[in-house]
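Noted in TrEMBL for the protein shown:
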- 1-18: signal peptide (SIGNAL)
- 275-297: transmembrane segment (TRANSMEM)
- 341-365: transmembrane segment (TRANSMEM)
- 371-396: transmembrane segment (TRANSMEM)
- 408-432: transmembrane segment (TRANSMEM)
- 444-467: transmembrane segment (TRANSMEM)
- 495-521: transmembrane segment (TRANSMEM)
- 527-555: transmembrane segment (TRANSMEM)
- 567-586: transmembrane segment (TRANSMEM)
- 598-627: transmembrane segment (TRANSMEM)
Amino acid sequence: ERLRYVLGLLLLLHSTDSFYVPGVAPINFHRNDPVEIKAVKLTSSRTQLPYEYYSLPFCQPSKITYKAENLGEVLRGDRIVNTPFQVSMNVEKKCEVLCNLPNKPVTLTVEQSKLIAERIREDYYVHLIADNLPVATRLEFYSNREEEEKKKEKDVQFEHGYRLGFMDGNKFYLHNHLSFILYYHREDVEESQEHTYRVVRFEVIPQSIKLEDLKTDEKSMCTLPEATGSAPQEIDPTKENQLLFTYSVHWEESDIKWASRWDTYLTMSDVQIHWFSIINSVVVVFFLSGILSMIIIRTLRKDIANYNKEDDIEDTMEESGWKLVHGDVFRPPQYPMILSSLLGSGIQLFCMILIVIFVAMLGMLSPSSRGALMTTACFLFMFMGVFGGFFAGRLYRTLKGHRWKKGAFCTATLYPGVVFGICFVLNCFIWGKHSSGAVPFPTMVALLCMWFGISLPLVYLGYYFGFRKQPYDNPVRTNQIPRQIPEQRWYMNKFVGILMAGILPFGAMFIELFFIFSAIWENQFYYLFGFLFLVFIILVVSCSQISIVMVYFQLCAEDYRWWWRTFLVSGGSAFYVLIYAVFYFVNKLDIVEFIPSLLYFGYTALMVLSFWLLTGTIGFYAAYMFVRKIYAAVKID
């Protein structure tokens with residue numbers, strides 16, 4: 001019955017992946033209606049620095065207008081702007097010159113030529129959108145290289161955006177001709193009405209064609225050369241270059257409905273890896289649960305039964321194990337204010353991540369609403385301050401704290417202050433590079449206003465009510481004189497504990513981590529939130545279990561200083577995330593420059609810190625509940 005339930009849940013989650021709630025209403029076009037092509041940005045996985053479209057000398061329209069953007073788009077470095085491409089619904093264009101008269105080509109200065117050559121060397125991609133659909137380049141390849149298999153259909157994958165140009169030896173070539181292929185879906189209408197169309201796919205084939213090979217006339221029309229005889233347009237960075245920017249438009253009818261138009265971009269070729277990873281993680285967690293239930297529960301029952309026997313006084317005199325430290329186990333730790341503040345931030349993160357993944361799993365944060373995920377995460381973190389404050393305040397009171405106002409301020413500023421500080425320093429470096437990834441000053445002021453205007457008051461409110469509430473009820477009294485802690489074995493060392501405790505939670509999620517890293521650092525779309533939700537649940541369960549095991553062993557070794565240790569050890573998987581990030585940087589990314597490397601490790605440090613807070617908080621609360629439960633079960637004089 002339980003297996004059937006789990007399989008049912010997995011099927012539900014799998015169907016959730018393809019479920020799509022449109023972020024915007026569909027736009028219906030009639031024949032000849034203009035379809036606006038906008039530019040988003042230029043990106044490169046080698047430099048991690050996005051640039052706006054007109055940072056390069058592309059053809060400009062008579063009036064440049066930028067789209068108003070949400071917080072998420074600004075933080076991602078999107079700067080959506082209009083372009084001079086004239087595209088009309090279902091109207092073909094063989095070849096048209098984009099700007100300047102055909103007999104007067106665009107002349108690039110030496111500086112502009114140098115800049116374009118540098119961007120080509122850095123492997124930059126150009127991102128355009130038509131009707132909010134990003135442009136993609138089709139890549140076709142054979143899945144099997146054997147001769148008889150080659151006759152079969154090719155595998156098709158799509159690359160986001162198109163390459164700015166390419167290198168051959170030490171020469172640079174610019175893609176100056178774009179062949180747009182747009183797919184439309186014809187909507188069903190009554191006979192008397194005019195047909196309406198919807199854009200369902202946007203592809204491009206970029207080409208590099210030498211100025212001399214393009215034949216043009218006075219109407220800005222041009223003729224493309226034969227594919228075999230044409231030479232590419234070289235950009236020589238040491239001198240001025242002349243070239244023409246041209247484009248062609250081809251329309252094709254498609255059966256894809258408007259609601260499914262994002263499937264091309266979101267289809268993952270390796271869904272089976274996700275299933276394998278999920279099943280692997282579920283098996284690991286069930287295995288761990290089995291061991292935990294068998295060992296801990298059996299041992300605990302035995303312990304409790306022994307401790308509650310009052311027959312033999314001599315036996316009780318020689319008692320050992322966790323009952324011995326009952327008078328010290330709830331002794332408040334050092335720095336209770338900082339501990340409760342970090343745990344408050346952990347609760348804030350936990351609530352934010354849980355809600356974001358759940359809402360995204362239901363399809364409400366689709367990629368068509370650009371920046372929606374990041375905007376939602378920012379606002380949710382601010383509003384979850386009330387829960388973070390409440391839990392931090394209650395715990396601080398339980399740990400015999402008195403200065404609640406200072407504690408609330410510490411909770412509201414400690415973790416967000418570190419995040420803001422690191423981001424500000426990184427932002428200064430991005431500003432220096434004139435990248436669109438730099439957060440503009442007004443946005444930074446707005447974020448500060450949100451922090452001090454929304455998050456801080458909410459944390460104070462939560463802290464006030466948490467501090468006024470009855471503290472957690474500890475089942476045993478604390479002795480006045482602290483007990484001496486015996487010498488600990490080598491394997492009870494904090495660092496060994498972190499290494500041991502981090503393996504299982506990390507093992508349960510590292511495959512998903514690979515896809516998340518690819519989405520962040522290689523400009524991929526990540527949309528498997530159904531899988532991510534399940535992985536998150538597995539992570540919570542495995543962190544809780546491993547934390548309980550570790551705290552039990554620690555108390556059996558008669559070491560009652562478990563508060564900080566549990567928090568540190570439960571976050572052990574963050575250490576493995578850091579090692580994995582270094583491995584990913586060395587093996588998967590082609591970053592060589594200083595500033596991109598600094599950005600990568602700066603943002604990775606933030607991810608690792610957040611992950612440590614999250615897993616540490618989960619483990620701490622699981623261990624605290626466990627300790628209160630076992631000491632409530634033994635009779636103590």
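Glycine is no exception: its Cβ is also placed from the backbone N, Cα and C atoms.
Predicted automatically and left uncurated, TrEMBL annotations should be read as such.
The model shown is predicted, which means the values in this text are computed figures rather than measured ones.
With a cut-off of 8 Å between Cβ atoms, the residues of this chain six or more beyond the transmembrane segment (598-627) that come close are 48-49, 329-330, 342-343, 345-347, 349-350, 353, 415, 418-419, 422-423, 425-426, 429-430, 472, 501, 505, 520-521, 539-540, 543-548, 550-552, 555, 562-563, 566-574, 577-578, 581, 585, 589, 591. Across 341-365, 371-396, 444-467, 527-555, the stretch most heavily in contact with the transmembrane segment (275-297), judged by Cβ pairs under 8 Å, is 527-555.
Across 341-365, 408-432, 527-555, the stretch most heavily in contact with the transmembrane segment (567-586), judged by Cβ pairs under 8 Å, is 527-555. Only residues 6 or more beyond the boundaries of the transmembrane segment (527-555), in the same chain, are considered here, and those with a CB under 8 A from a CB of the stretch are 9-10, 13-17, 266, 268, 271, 274, 277-278, 281-282, 284-285, 288-289, 292, 296, 321-322, 325, 329, 353-354, 357-358, 360-361, 365-367, 492, 497, 500-501, 504-505, 508-509, 512, 515-516, 562, 565-566, 569-570, 573, 615, 618-620, 622-623, 626-627.
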